[in-house]
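Here's the structure we're looking at; comments come further down.
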Amino acid sequence: MGEITNVTEYQAIAKQKLPKMIYDYYASGAEDEWTLQENREAFARILFRPRILIDVSKIDMATTVLGFKISMPIMIAPSAMQKMAHPDGEYATARAASSAGTIMVYKDRRVVEQLVRRAERAGFKAIALTVDTPRLGRREADIKNRFVLPPFLTLKNFEGLELGKMDQASDSGLASYVAGQIDRTLSWKDVKWLQTITTLPILVKGVITAEDTRLAVENGAAGIIVSNHGARQLDYVPATISALEEVVKAARGQLPVFLDGGVRRGTDVFKALALGAAGVFIGRPVVFSLAAAGEAGVRNVLQMLRDEFELTMALSGCTSLADITRNHVITEADKLGVMPSRL
């Protein structure tokens, strides 16, 4: 194996190393996988307007997220079942970066309360509430493979919570299990309720429209993660980078907006920040690098993205995140003549 020079190369290694059922679970998207492809391709259609002859000898990538100072605006998305990728699973990932906690809302409210208390005790700094999964998307690879959790794994967070276990099913064992557990009645009142049981800031993950952004603000969310669940839920929703600006404009600076989905390069990070994101989350690159090389793989992914992002900033004439503006990029809309004011 030659030297890894970019984040995407880990996917091919993970494909060789992992059993087909597990690789397909991580890699696949919903139905035709149009959004899965679009999450990447939409980034490729955004071009740069770099500024020159600026002293870029010192570059500061540090930022503050929910009151915590971090070294760069690149964070790790909540991704489930990482032990399928590597025996160290989430431990390795947490060691490679201080992670934010995530929960899924289950039918039994007591269960959610127990998970929140557990997250607080474990020192988690925020809760990401995934709101785009009232039902599991149709992931045909999982159906073909009859995906079921490998026998050596358990859903550790739910141990002792009387949730039953994932059995072999005629389609996807995961889909059948989740169908039995997820609360389809989840609504904005539950976001309010969650705030009554914890002081941790709540990030609403899965917002892609202006309408829902305004509701997130009204209902006291601490932040929004623009996400389409890695293109694993509703196919033919826009790429997250395409939905970002609509959400940012609707948020009107009242809460931070983050982006999740399709980030594979430092250039992607820069594009997201230029369009108003306060930071990005990475998911699949973490899982694939974990499968390929454990904790060292995740560290390397974070380092490569950091190095690429720093280089992009230098070549664009930006020495701090505050220097990155909307004027540094050209989107599809701009090319069609819907140019934003650049003066």
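Note that Cβ sites are derived from N, Cα and C of the backbone, with glycine treated the same way.
What TrEMBL lists as active site, proton acceptor is HIS229.
Positions annotated as glyoxylate binding site by TrEMBL: TYR25, ARG139, HIS229, ARG232. The Cβ of ARG139 (glyoxylate binding site) has 23 neighbouring Cβ atoms from other residues within 10 Å, across all protein chains displayed.
As annotated by TrEMBL, FMN binding site applies to PRO78, SER79, ALA80, THR130, LYS205, SER227, ASP260, GLY261, GLY262, VAL263, ARG264, GLY283, ARG284. Spatially close to ARG264 (FMN binding site) yet at least six residues away along the chain are ASN6, VAL7, THR8, ARG40, PHE43, PRO285, judged by Cβ distances under 8 angstroms.
What TrEMBL lists as domain 'FMN hydroxy acid dehydrogenase' is 1-334.
With the fewest other C-beta atoms within 10 Å around its C-beta, PRO78 stands out among the binding-site residues PRO78, GLY262.
Among the residues the record lists as binding glyoxylate, namely TYR25, ARG139, HIS229, ARG232, the two farthest apart have Cα atoms separated by 13 Å. Within the set of recorded positions TYR25, ARG139, HIS229, the entry lying nearest in space to PRO78 (FMN binding site) is HIS229 (CA atoms).
GLY262 (FMN binding site) sits 17 Å from TYR25 (glyoxylate binding site), taking the CA atoms of both as reference points. Considering only the recorded positions LYS205, HIS229, ASP260, ARG139 (glyoxylate binding site) has HIS229 as its nearest partner by CA-CA distance.
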